[in-house]
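Engineer: The following block contains the structure, expressed as structure tokens.
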Amino acid sequence: MNRFLHVVLITFVVFVADVAVEIYVPALPSIGVFFSATAMAVKASISSNILGLALSSLFWGTVSDLWGRKLALLLGSLVFVVSSVLCIFSASIDALVFFRFLQGIGQGVAVVVGFASVKDFYSGEKCAQVISKLSSVVAVSPTFAPILGTVILFYFSWHYIFLFLASLGLVCLLLLVFFFQDTLKERNPASLRGLLNSYIRIATNKSYVLYSAITVITFMWLWNVISSAPFLLLEDMGVTIQEYGYLVAINVMGFLLGTILNSKYIPKVGLKKLVAFGLALPLLSEVLLILLHYTTGFSPLILECIWFFSAMGLAFVIGNSTTLALDQVGESNNGKATALLVCSEMALGSLSVYLNAPFYDGTIVPLSLFTIVSVLASMIVFYYAVRNPGNTVKPAR
């Protein structure tokens with residue numbers, strides 16, 4: 001299979017899955033009015049979608065290792081299309097919440113199998129470059145998706161958002177059927193006991209756990225920032241909706257710049273040094289924000305300009321630490337290893353948001369402190385991972 005076509009297809013699949021998470025956020029009030037539902041009930045449709053994403057990760061990883069990447073992608077895309085159509089015809093808010101859960105199960109195949117498929121095709125530095133580019137899609141989606149949803153709502157009702165998603169999913173399904181070739185070189189048939197043993201071996205692989213922990217901890221503080229930033233900027237700093245869009249775009253540009261620089265310097269510097277550099281950026285940024293908070297203060301623009309460097313650091317950490325983690329397992333277990341990593345990111349990321357919510361006081365302090373503690377923890381884990389290398393299947397610098 002042509003490598004460029006492979007990357008394009010996987011990027012499109014990941015993009016559709018990520019857009020589906022937040023494209024209908026602007027429609028939440030309309031959905032509440034339509035179903036005469038409370039805000040909490042409507043927001044449950046977001047939680048159920050993310051829950052479906054997290055729970056399905058392990059399933060799709062196993063399916064892709066057993067029967068191939070293509071079959072898993074086709075099944076997931078089919079579930080996504082059908083559930084999107086069902087969302088259109090939801091008769092109650094409870095039905096919508098359930099169908100969004102099913103939609104999340106379909107979305108879950110994208111990142112898990114997509115990243116595993118990249119690992120089948122590439123290794124080491126090249127794999128990190130491709131994953132870094134895929135991660136940039138994930139970074140752009142939260143900004144792009146609500147804007148797209150607003151445009152659809154301007155002309156149509158909220159139902160058309162799910163019609164749009166179903167159409168995108170159908171395009172994905174057709175492209176995968178006719179153009180995607182399976183990248184898994186060796187099937188890994190196994191019994192349930194064998195599957196459990198595989199997950200146990202992966203979960204007890206010290207090097208895999210250490211490098212995965214860096215990615216997971218990074219997502220914990222990232223999710224905390226994503227969930228708290230709207231309250232900080234819109235409610236406590238008085239930013240308008242239009243200004244908020246421009247400010248968030250600064251973060252996206254930081255991540256995209258980091259992605260470009262990461263791809264350029266991986267061959268020259270190596271994965272591990274870039275991870276170390278990436279961890280330093282958010283640490284310095286958050287320390288600076290706390291200092292400014294207790295001295296001169298800062299405007300929303302200054303805040304986002306400082307967060308620009310945190311976002312840039314993410315680009316150096318996520319793709320490279322993911323590659324280093326997957327390099328610790330055999331090729332036949334890439335799907336399960338990716339699934340375990342994604343499931344951990346989603347579950348612990350959500351947990352961090354829940355645990356940090358009571359501490360938010362309308363200032364940057366609790367947000368920055370959690371980020372600083374998280375980054376320091378990542379640095380300690382990274383130190384032990386580098387000092388105690390495991391038996392990697394494919395070495396990466």
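Backbone N, Cα and C atoms are what each Cβ position is placed from, and that goes for glycine too.
As annotated by TrEMBL, domain 'Major facilitator superfamily (MFS) profile' applies to 4-389. Summarising the annotation, TrEMBL assigns transmembrane segment to 7-25, 31-59, 71-91, 97-118, 130-154, 160-180, 208-232, 244-262, 274-294, 306-326, 338-357, 363-386.
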Engineer: The transmembrane segment (306-326) and the transmembrane segment (7-25): do they have three or more Cβ pairs under 8 Å, with pairs 6 or more apart in sequence?
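Structural biologist: Between the transmembrane segment (306-326) and the transmembrane segment (7-25), which are separate recorded stretches, there is no contact, as judged by 3 or more close Cβ pairs.
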Engineer: Is the number of Cβ-Cβ pairs under 8 Å between the transmembrane segment (71-91) and the transmembrane segment (208-232) three or more, considering only pairs separated by 6 or more positions?
Structural biologist: no
Engineer: I'm a bit unsure how to read this: which one of 31-59, 160-180, 244-262, 274-294, 338-357 has the highest number of Cβ pairs shorter than 8 Å with the transmembrane segment (208-232)?
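Structural biologist: Comparing 31-59, 160-180, 244-262, 274-294, 338-357 against the transmembrane segment (208-232), the winner is 338-357.
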Engineer: Of the listed stretches (244-262, 274-294, 338-357), which one yields the highest count of Cβ-Cβ distances below 8 Å with the transmembrane segment (97-118)?
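Structural biologist: Most contacts with the transmembrane segment (97-118): 338-357.
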